[in-house]
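Asker: Sharing the record's features from Swiss-Prot:
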ACT_SITE  Lys68  active site, charge relay system
ACT_SITE  Ser143  active site, charge relay system
ACT_SITE  Ser167  active site, acyl-ester intermediate
Amino acid sequence: MRSNILSLRAILDKKPSAINDVLTSINAKIELNKSSNFLLKNTVEIYSKKINKSDEKILLNNIPYVLKDNIATKDIVTTGGSLFLKNYLPPFSATVFELLEMNGALLVGKANMDEFGLGGTGSYSAFGVVHHPENSSLIAGGSSSGSAYAVAKDIVPFSIATDTGDSIRRPASICNVVGFKPTYGLISRNGVFPYAPSMDHVGIFAKFVSDIAIVSDVVIKHDKTDFSSQKSPDENQFFNELAIPFTRSIRFGYLKPLEKLFNKHLQKKWNNLKKTLEQKNYQLIPLDFDVELLKVIDSIYKIISYSEAVSCYSNLTGIVFGQKVFEPNSPSNFDQTITRNRDQFLGKQLKRRFVIGAFATDEKNFEKYFEKAQKIRRVLVDNFLNLFSDVDFVLSPSASCFASTIEDIQANKPYTNIIDDFLQLANFAGSPSITIPWLVQTKDQTIGLSISANCFEDKKLLQIAYWFEQLFDLNHD
C-alpha cells in the first residue's frame, strides 16, 4: 500500500464495473455503499477529487477496502449474512469503521459471510455460498469468506473481518493471503455484531504482512466505548518497527503430537521448515500437549460459542427491528410472532446451533455442560499460555488439508481435525495469532503457516511474520 502498487485509481481504471460483477458472481458482496454514493460504476468520478487532493500524511488515504458485513456502518445496509437483517440500516457506525474513515480509507462494499459468523466454510450465508478464488467448486473458508476472497483477487488491498474461532486465519490459509487476529480487545468491538463476546476478535486480511502492520497502526486504538477494549503497548509502532531485527535468539516451538496427523504434503513442507530454521541456528523446541485436551477443543468451543450466541441474538424478534412476517388475518401472541419471524428469516444451520446453545444453558443442563465447558476452557488456556514460558512463538500448519469441496460441505462430511482446532486456543486465551502463505501445491491447494504469540506480543508477532515472509520468500502473486 505504501508503494502505491495497488492504488484506488489502478483498481478502478482496470475494472470499475468488473469489481461489482466479480463480487456478485461469487456471492462475496452483500451491499455496496449506495447510500453514500459509493456505487462502483461512479467511483472513479466520485473519488477523483479526493485522489487529486491526496494527503500523504493520512495513513490510508484513498486506499479501498471492504468490511465484513457484521460491522455496523451508519445508514448502509448491514445484514450479518442473514435474511433477518436484509434491509437493516444501523443508526450508528462501528469504531473500527470510523477510524478507517478518519484515516482516509475508502469503503467500497460489505463482504458476505456465514450467517452472524456461525460457520467455518463460507457456505452458510443467506445470500449464497462464497467459493474459492481459484476454483468455484471449493470453499473459501469462513466465516469471513467474502473478506478473504476480495483480498485474494486483488479487488482491495485489505479487508476488516472478525475471528471467533479461526474465522480470519482459516480463510487466509485457504485463499493464500495473510490473516491477523490481534490480542483480545486491541481492535474495538464497539458496533460489531457479536457471536461469542468472550472470544470475538476484530482482525485484518491483506496480501502482505507490511500492509497488515499499516492497517494495525490505524485500527489498534483503545476505545472507551468498548468495555473489553485494551490498550496496546505498541500503538502506532507496528509498521515503523516492522523490520527492526531482534536483539536475541528467538525460540520457536511446535506441538509434537500434531505431527502424527500431517498428510504427506504437510510432512514434507514441515520437515523443510524445521531444517531451514535449524540451518539458521534458531531453536526449534518440540512441545508436549495432552492429546486428550486437544481432542476436546472443538466441543468446548461449540458449547461456549453457541451458548453465548443464543444469548446475544435473543433480541432478534422482528418486532423492534429486522424482517417480520405479515399475516394480518392470523392473530398471534408475542411468542408466536417471534417464532414465526425466526422460522421464516433465520437459516437452518444457525437455528441448529442456537438449539445447541439453548440446550447447554437450560437450567437443567447449565452445570453439566456450560459450566463444565468453561472449566475445561480454563485448563486449555493455562496449558496453552504455559507454552510461552519455554518458547517465544508456536508454529503450526493453519489447516490439516487443502480446501474442501462445496459439495462435501453441503453433505456434512468432516473437514477438520485437531490440527485445525488448535487455532481456536488463541481465541480461548485472547492471544495474537497470524496465518501467512506457506504451502502452495497448486493455486487452489494452499495451507498457511500459523504463528502464535503470548498476549500483547502483537508487534513481535508481526515482526517475526515479516521475517518469515522475507526469509522463505512467502510473498505471492
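Every residue, even glycine, has its Cβ placed from backbone N, Cα and C.
Just so it is clear, the model here is predicted, and its values are computed rather than measured.
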Asker: Mind giving me a neighbour count for the residue listed as 'active site, acyl-ester intermediate'? Other Cβ atoms within 10 Å of its Cβ, every protein chain shown.
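Answerer: For the residue listed as 'active site, acyl-ester intermediate', the 10 Å Cβ neighbour count is 34.
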Asker: C-alpha of Lys68 (active site, charge relay system) to C-alpha of Ser143 (active site, charge relay system): distance in Å?
Answerer: 9
Asker: Could you list the residues of the same chain, at least six apart in sequence, whose Cβ is under 8 A from the Cβ of Ser143 (active site, charge relay system)?
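Answerer: Spatial neighbours, sequence-distant, of Ser143 (active site, charge relay system): Gly81, Met113, Asp114, Gly117, Leu118, Gly119, Gly120, Gly122, Tyr124, Thr162, Thr164, Ser167.
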Asker: Within 10 angstroms of the C-beta of Lys68 (active site, charge relay system), what count of other C-beta atoms is obtained when all protein chains are considered?
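Answerer: If we count other Cβ atoms within 10 Å of Lys68 (active site, charge relay system), we arrive at 32.
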Asker: On the three-state reduction of DSSP, what should I expect for Lys68 (active site, charge relay system)?
Answerer: strand
Asker: Tell me whether Ser167 (active site, acyl-ester intermediate) sits in a helix, a strand or coil according to DSSP.
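Answerer: Going by the DSSP assignment, Ser167 (active site, acyl-ester intermediate) belongs to neither helix nor strand, so it counts as coil.
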Asker: Under DSSP, is Ser143 (active site, charge relay system) part of a helix or a strand, or is it coil?
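Answerer: Ser143 (active site, charge relay system) sits in coil per DSSP, no helix or strand.
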